[in-house]
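A.B. asks: TrEMBL lists these features:
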- 489-581: domain 'DYW' (DOMAIN)
- 1-34: repeat 'PPR' (REPEAT)
- 70-100: repeat 'PPR' (REPEAT)
- 101-135: repeat 'PPR' (REPEAT)
- 137-171: repeat 'PPR' (REPEAT)
- 173-207: repeat 'PPR' (REPEAT)
- 243-273: repeat 'PPR' (REPEAT)
- 274-308: repeat 'PPR' (REPEAT)
């Protein structure tokens, strides 16, 4: 048995999980009786393979052999069941164990976290505290920080993270920092994630490739190209520029920071590329409105023998949608199942609804939603509602809005899109009624917010902002720009401004949208001819889009805007989206 157990342990340590199970079966066929040292590697193999039925069979044999009370076997059972997604079985084993150690509790907490059962994980964590088992166990603390992040309780995660500095508690390791960095990125706090990375370096904690991926994701989220370039330099110095996982994130970062040129340079230098690499380049072209280039990338990908996955087709359909390539999108959608044997998921359906709807094929778009083999998610109905707003179809828009508000009654976007649809079609009373309903139900709109980085400092602006220290100069610049734009033929689009105010006030309101404030700030704080780059949390409105085209022309600046949907590159009075967004 000693020899058999050594071989089993060797196989599982080398990651040869199928061979581990085969050897175990061979051992049984030769009449050997397994012991507790046998079951641990076998259960670890089942956990790695997510082989739940094989794990359950092993559990039965454990009971028959009388090894169930062994704490190491019990820990392996808990770990196996939780990794296979069966927390009910894991709980049964946990509750029946005569003795438990820290490993047992960690396995249960991590299992609940990974299965999305954050509250149960928190309850176990508190039980561990009551039993005095936490002390310096960094794994448990890291697991709970992850649990809080996954539950959306960022403040609680930060509280635990900061507590780890106290005497008698575990010191923060690189995993602690990685979880916090990724957590801040996940909840839209990319700038805070970058601050944490700098603090991590100051405290002498050595980053890992995963840390760098988190930092690159943070740079992408806040469109900080210079910070991303510094991270790229750090990647090269650390020798991680051959790590595919890291390099894929570099491509994604450059594309989302507006530099397709840099993304392509990194892409072309890669000795080997996986499907994630190609997807990153395809979606990069897509969000910049270069649909045909995205399709060329796909053809090159096929020529190099890389098999596309479901994400590839989300990227392709998105590229077709942004560029109005309806026929191409329909072909890709058809080939998914007929050529590549990939079943359409909710993202594919939503992309198709968006593609058809934007192009004015509203009835086909609605039929696509109704033909889904499962209940449509809110994103599909929102895509249809957005298309109805663009093309002024009130009846269909009302049907789509009804579904949106039933699925997500607290989502203000449904109210806003329907209100805008009514306003655009001259139904002012209905528009005001929808706004009244939203306020009556205490549904809050997300205010328009725009960020611009000047001299390595990020400045934030909201609509009608009065708090920035340079607001007097910004207003003066807006007035100057207004005169230049008027002389160049600009006419404010006041269609979506509430009609119960005077025309002059409507124009004033439009002049104080957050992106216009950010652009004016950028112009007065940078040298003539310097390109401006701003980021907005919402889709750019029609008037801001038109006015930014005029500004780029009258001041001779290139202005790049990343809104909630895509990039807009403004230069000489034109936009890269060709007014199709």
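The backbone N, Cα and C atoms fix where each Cβ goes, glycine too.
All annotation found in TrEMBL is predicted automatically rather than curated by experts.
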A.B. asks: Can you work out which residues elsewhere in the same chain, 6+ from the ends of the repeat 'PPR' (70-100), have a Cβ less than 8 Å from its Cβ atoms?
C.D. replies: 36, 39-40, 43-44, 46-48, 50-52, 55-56, 58-59, 62, 107-108, 110-112, 114-115, 117, 120
A.B. asks: Helix, strand, coil residue numbers for the repeat 'PPR' (173-207) per DSSP?
C.D. replies: 26 helix, 0 strand, 9 coil
A.B. asks: Six or more residues out from either end of the repeat 'PPR' (243-273), which same-chain residues have a Cβ under 8 Å from its Cβ atoms?
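C.D. replies: Result: 209, 212-213, 216-217, 219-221, 223-225, 228-229, 231-232, 235, 280-281, 283-285, 287-288, 290, 304, 306, 533, 560, 562, 567, 569.
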A.B. asks: Who are the long-range neighbours of the repeat 'PPR' (1-34) in its own chain, taking Cβ under 8 Å and residues 6 or more past its ends?
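C.D. replies: That would be 41-42, 44-46, 48-49, 51, 54, 61, 65, 67.
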A.B. asks: Same chain, outside the repeat 'PPR' (137-171) by at least 6, Cβ under 8 Å from its Cβ: which residues?
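C.D. replies: Long-range Cβ neighbours of the repeat 'PPR' (137-171): 102, 105-106, 109-110, 112-113, 116, 118-119, 121-122, 125, 128, 179-180, 182-184, 186-187, 189.
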A.B. asks: Check the domain 'DYW' (489-581) for me and report the mean pLDDT.
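C.D. replies: Here the mean pLDDT over the domain 'DYW' (489-581) amounts to 85.
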